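Asker: This is the structure I want to talk about, given as structure tokens.
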Amino acid sequence: MPDLDQTVRDIAEEMRARPDRGEVATYIPELANVDPGAFGIAVVDAEGHVAAAGDCDMAFSIQSISKVFTLTLALGKIGDRLWRRVGREPSGSAFNSIVQLEAEHGIPRNPFINAGAIAVTDAILSGHQPREALGEILRFLQFIAEDPNISIDEKVAASEQRTGFRNRALANYMMAFDVLENPVDYTLGVYFHHCAIAMTCRQLAMAGRFLMHGGRNPSTGFSVVSPERARRINAVMLTCGHYDGSGEFAYRVGLPGKSGVGGGILAVAPRKASIAVWSPGLDASGNSHLGRIALEMLTQRMGWSIFG
Ligand SMILES: NC(=O)CC[C@H](N)C(=O)O
């Protein structure tokens, strides 16, 4: 098998040189200020070794990648009852689409499109103050990444608060079907802030370790979730983690993965690695353009596709 450190360094070098970088998201104004030339990658293997290169220690806005962690927390809180409020089928439509909600009685297709993630955030909130729910999410990330230096980028959160009209529409629409239980402003406040959590590739790859190890944090031995739950979260990441680009991602990369409009992707090679990549330019589905290409190279060179 090729050397992981060398492979990761090679990929970072190739990505840095590429002229095709995609388009940085501008609908959240603060995200538009990010350098499209950035590229970072970090891989934690089954032995806990970290291979990292490029801008792997630069913090970026994790955006929808946070939805993997909120899903994990919500399942921990209310278990399979969560699936009464949100489905687990791919949507085949954009991350912020509203069209399916009317026909499907306000139940979002899956926990990774915006509507679904807002419903998941509402389940975490369950009567608590927004500050408490947000603290819980942040502490969970710090715990699984074993790093207290993970925080919310308040500028990004404020920028999305100001411009999040579509998300407000989605939340109000679900409220009309009684799918949400807390005041819309509370739920959206927590949602905007957890999307605005800033992390480096290294921190994110560390945070994803429990998903490659049957739900266990390999260095501490602590069980974060059961093996069955880890498998299921991976399954939803594979089928829904890249919105209407999920089929393409499975076809090209062959791993469960979750993208965010900040340009990050967290991918899981079960029993082999937890991987984070970051390149801010996006493709037409709102997924990192070079992030996906880098992951495709990595899985090909390391032979890590779950499809053999
Ligand atoms: N795909 C994403 O990362 C979207 C998350 C972003 N906070 C939004 O709600 O639009």
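Cβ atoms are placed via backbone N, Cα and C, with glycine included.
So TrEMBL says this about it:
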- S64, N114, E160, N167, Y191, Y243, V261: substrate binding site (BINDING)
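Map these features onto the structure and tell me what's around them.
Answerer: Residue environment of N167 (substrate binding site) contains 22 other Cβ atoms, counted within 10 Å of its Cβ in all protein chains.
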Asker: Around N114 (substrate binding site), how many other CB atoms lie within 10 A of its CB?
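Answerer: Counting Cβ neighbours of N114 (substrate binding site) within 10 Å gives 23.
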Asker: Identify, in sequence order, the residues in the chain of E160 (substrate binding site) that are 6 or more apart from it along the sequence and have a CB within less than 8 Å of its CB; answer 'none' if there are none.
Answerer: I28, E30, N167, F192, C195, A196
Asker: As a test of the contact definition, list every same-chain residue at least 6 positions from S64 (substrate binding site) whose Cβ is closer than 8 Å to its Cβ.
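Answerer: In sequence order, F95, F112, N114, A117, C195, K258, S259, G260, V261 meet the Cβ cut-off.
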Asker: Largest pairwise Cα distance, Å, within the listed substrate binders S64, N114, E160, N167, Y191, Y243, V261?
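Answerer: Taking every pair among S64, N114, E160, N167, Y191, Y243, V261, the longest Cα gap is 20 Å.
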Asker: List, in residue order, those binding-site residues out of S64, N114, Y191, Y243 with a Cβ under 6 Å from any atom belonging to ligand 1.
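Answerer: By the Cβ criterion, which requires under 6 Å to ligand 1, the hits are S64, N114.
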Asker: Quick one: give me the count of other CB atoms within 10 A of the CB of Y243 (substrate binding site).
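Answerer: Taking every protein chain into account, the count is 24.
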